[in-house]
Amino acid sequence: MRTHLKTLGLLAAAAIALTACGESPNARPADTTSDAPAELVFAVVPTDNSEELLASFEPVVAAIEEETGLPVEIQAVSNNAGVIEAQVSERVDIAVYGAFSYYLASDVAEVEPVAKDQLTPEPGSGSVSSLGVTAPGSGISSLEDLTGKDVCFTDPASTTGYLAAAAALMEAGIDPQEDLNPVFAGSHDVAVTQMIAGDCDAAFVAETFVTELLPARGIIEDGDTETFFTSDPIPGTPMVVGSWLSQDIKDGVVRAMEKYDAVSAVEAGFCEEDAQREAPAPWGEDVAGSPACEWGGTGAFAFEPATDADYDPIREICETTQAEVCRDDA
Amino acid sequence: MPTTLTPPGTRGRTPAPAPARPPRAPAATWVIPLILGAVTVFGLWWIDVRPAAIAAGFEDITRLLGRMFPATTGPVPELAALVVETLQIAIAGTGIAALVSIPLAAGAANTFTGPRWVQWLCRTLIVVSRAVPSLVFAIIFVRIFGLGPAAGALAIAFHSVGMIGKMMTDVFEEISAAPREAVNATGANRFQVFVATTFTQALPQMTSFVLYRLDINIRASSILGLVGAGGIGVALQRSIGSLDYPRAAGIIAVIIVLLLVLELISNLVQRAVSEHAGDTKHSMTFPPGKELSSPGWNAPRVGRSAGLLAGVVLFILSLSALSISPDRLARGWENAVAMLTGFVPPVFTAEIALGLFESLVMALTATTFGVLIGLVIAVFSTDHLVKVPVLGWALRGVIVVVRGVPDIVYAIVFVAALGLGPFAGFLALAISCTALASKFFTDALQNIDPGPIRALEAVGAGRLQAFVAGAWPQFVPSFIGNSLFTADLALRESAVLGIVGAGGIGFLLHESVTSIDYQSTAGILIGLIVVVVTVEQMARWARRKVI
């Protein structure tokens, strides 16, 4: 007992001693809001298919530090509203989040996209699609067949899990709220698994879940689903910078993204050997098999230049659906 | 409850005669505060608290709050339907949890006289249920019960058992042993003894826990979005996610009204069933009936019975809204087993350990602040202590409003003002800890025996003296228990840290679930269970020393 108490006393003393000297690991320069900041704050929001978020952005951060000459503090944030509000008050300098989050942010914050992810060396390969899937033998082969059916979506604010499909449905003359029974499953994987389990007749989810993620995890097998709809491409994940930053810094970010990709980042020494992977086959014969860095949460090859106009498809979807989440009045 | 009139800290000063010698102050009364103090000092350093930054960000806060007004609720019928759905699921879930908790808590309490393995099993079930977040129960139950309210209500129920069961266990252990021994001596069996003594004595506190858990479950209903069920929490989360702050503000206002009504009901119920809720009188629970052995009816008894009946009817109505089809269940089991096999082998990484550490430091630091501020608020809102009923009501109202605003809103407001990082998360967490602690403390103080206070006042003791000598000694066990419980809940609510980019275990858990990395989910669960069990053991040890 006595020794226990002594140990505790020592620990307490150690905590206080540690506090007295040394800077907190979370200490920050006092001013990060001016246009000549001492460091850049980089926020990443998990997208539907991101894994190991912070680790996968480390090489990207290293590239930006190299080209801007500024230290970059990266933070993974679970909620898009948190990042957008920090952008409104000019406290997040660079952010990577879903395309729909950019649509929302562009209304309230002074931000601009400078790059978007690119899954292969092919320009525009970062685009994603929404798939409509059903169980084999359900008799559903087109959007029109969905009238009166139970349909699983992901979330009303998900582009691939609802908005893109809703726009297509409306163009086909079907009201996604009235003419069918929408069920919001909360996530892509649950929408697919519950559709297979029979809770709904069809499901709309991001393509990668059906073609890659769920089969890779052993959660669905080939032949569990039949695809009856593929949406128009939706622009990929944007990298967004604050307009309050000096042109120099913005140019630095753009340069970092133009200059490096997952493969050349290895040569530049942006990732340790144990953080490297093999470049996959879709990246083309030139690089396939050579070592590559993780380059962002989606396993991208590179970030290609992007402009605000690239995100017009989202605005069109919002115009068609007049969805509540689109907040046209803002 | 054995009550000592000796204020703490007088040891050694009184040259008292041997029989009246005050007991040695138990180590727990200073070791636990010491640990919390040390963690807080470390936490404040870790968080890098900069009060000046709040002032600098004040403008951003007002600008953001300005965007929440004018608040709007959207179409009223739609909102009303959401409220009904939320209440149904919350009442069904909380009711199931309450029913399951009573036997579990009776078995887990150290007053349980049955086989040791039953006690061990009950304690394990309670701890595991508390440690496993409802998010995890939700993703499992959706496989079993399919999309809809049933999976949501059961996820809520399974997680609530941990809190209700734990708090009931504490109460069962705190109450006086005399009636139990008396009834035992008449030859009553274990069940009869329990119903006649322990259960009846603990009823006021039990109802307040169940109603408080209902309050939490109404607020936490955003989890239902993960099982395809709707409700007001899901609508709120969507409004915030699409930056529709006026609607979010409208929904929050509705939630606050619901919580106020619940608080009022809770207060009325406590007055009706509590021995000490009235000012000084020793209430007569049952009036004499025609015969000595049969108690008669009076207005309070009619009121209590009607209240109970209303509660039961509401519970059954809510249960009937959860449609569970048997053949869906049969197939569901297979799905769930297939999914659960994805949990093994659990993966425990350095990242998870760091996340647990971050969450724990933040939760404990926020708890220290919450407990200190909460104690002051609770003292001022208890009628026994401060005889200004209006103040009590006003403070309770303010706390309900503070509690009604979800963590995520505080987090976003502070992020706008301070930027991303642990400081904003700490502030959000400290506010919710304050609301939690003051609620727990107010209820516990409401239930103490006012006798000693009145006695001290009668001999001319001042307010402070009456509190320190008359109320504090009775309050210490629940103070310790509730403080550690606040820490425990704060650890679970530390998902808010993810919103501000401060990492923590909540963020990792969410990430592992959304990226379907269930092996990591399992690793996180094991870590959470270890931490919760440790906190629980500390609480047990401390309480054994002071009860």
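Each Cβ is built from the backbone N, Cα and C atoms, and glycine gets one as well.
Taken straight from TrEMBL:
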- B:1-24: region 'Disordered' (REGION)
- B:1-15: compositional bias 'Low complexity' (COMPBIAS)
- B:27-47: transmembrane segment (TRANSMEM)
- B:83-266: domain 'ABC transmembrane type-1' (DOMAIN)
- B:135-158: transmembrane segment (TRANSMEM)
- B:216-236: transmembrane segment (TRANSMEM)
- B:248-269: transmembrane segment (TRANSMEM)
- B:305-324: transmembrane segment (TRANSMEM)
- B:336-354: transmembrane segment (TRANSMEM)
- B:356-537: domain 'ABC transmembrane type-1' (DOMAIN)
- B:360-380: transmembrane segment (TRANSMEM)
- B:408-431: transmembrane segment (TRANSMEM)
- B:489-510: transmembrane segment (TRANSMEM)
- B:516-535: transmembrane segment (TRANSMEM)
Of B:27-47, B:135-158, B:248-269, B:336-354, B:489-510, whichever stretch has the most CB pairs under 8 A to the transmembrane segment (B:516-535): B:336-354
Long-range Cβ neighbours of the transmembrane segment (B:336-354) (under 8 Å; 6 or more residues past either end): 139-140, 143-144, 503, 505, 508, 516, 518-527
Sequence-remote partners of the transmembrane segment (B:135-158) [C-beta within less than 8 Å, at least six residues beyond its ends]: 85, 88-90, 92-94, 96-97, 100, 129, 217, 220-221, 223-224, 226-229, 231, 318, 321-324, 328-329, 332-333, 335-336, 339-340, 509-510, 513, 521, 525
Tertiary contacts of the transmembrane segment (B:489-510), as residues 6+ beyond its ends and Cβ separation under 8 Å: 133, 135-136, 163, 351-352, 354-356, 358-360, 362-364, 366-367, 370, 407-408, 410-412, 414-415, 420-422, 424-425, 428-429, 432-433, 436, 520-521, 524, 527-528, 531-532, 535
Contact call for the transmembrane segment (B:248-269) and the transmembrane segment (B:360-380): at least 3 Cβ pairs under 8 Å, seq gap 6+: no
